[in-house]
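Would you mind keeping the following structure in view while I ask a few things?
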Amino acid sequence: MDNKIVYVVSDSVGETADLVVRAAMGQFPFAPDIRRVPYVEDTGTLKEVISIAKSNRALICFTLVKPDMRQYLLTEAAKEGVEAYDIIGPLIDQIAEITRQVPRYEPGIVRKLDEEYFKKIEAIEFAVKYDDGRDARGILKADIVLIGVSRTSKTPLSQYLAHNKRLKVANVPLVPEVDPPEELYQVSKEKCFGLKINPEKLNHIRKERLKSLGLSDGATYANINRIKEEIDHFEKVINKINCQVIDVSNKAIEETANIIVNAVQNQRMF
């Protein structure tokens, strides 16, 4: 038996229709000859496909979300004696009836969702790779650069922005004994956000951190004078960069993230 030609017609890439057709044709002992026709936007293209399908005695399977395009293809194919199968239309109509919601009728939704998912994964991987100043090269690649002393929520904030806002975030810890990476002075100051914290608040946070690790809270790490020294160093660096500073002393991560996102959006508007 000759291979049956199937024209897969779509207003997007056509992956959904292609997969469904291959799954169905897999139930038969002959290889399908699938010819994809993607990104169909006008009835002229549909008319041409119908004509070719008629001459090849082919089947048309399609995923067109716009009702007028779907109806045109079904009507014109029937006039020409061409079999046309609507893969997605009846399901959209059924869901609309059950939910009493109006469909968006927007082509390529699945692909757009996939792209958003991969952007999120890419942002999360970026945050891990360039966490805690591990690789200064990330500073110049980042959408956002967080700067602060230890225990100012740089890491969880980086992950939150990556996971929820799909932003690539690098974070840089500051200590007096180590010069900040040169990249910190090369990146646009609009991308940088200094995370400021009250010395007493930081003192409490660090003591609790040491206790959770089974260490003495009298270590230099939690010493108030040491903390003030670190904050002084932080302020000198931030003043040199001249970037926005956010006081995170009494802010939840979500609140700080919203401030950053709003600042970024405002910058893009001007």
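Using the three backbone atoms N, Cα and C, a Cβ is placed for every residue, glycine included.
So Swiss-Prot lists these for the protein:
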BINDING   Gly148, Val149, Ser150, Arg151, Thr152, Ser153, Lys154, Thr155  ADP binding site
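Mind mapping these onto the model and telling me what they sit next to?
If you draw a 10 Å sphere around the CB of Ser153 (ADP binding site), it holds 20 other CB atoms from the protein chains shown.
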Give the three-state DSSP assignment (helix, strand or coil) for Gly148 (ADP binding site).
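The residue in question, Gly148 (ADP binding site), is strand (DSSP, three-state).
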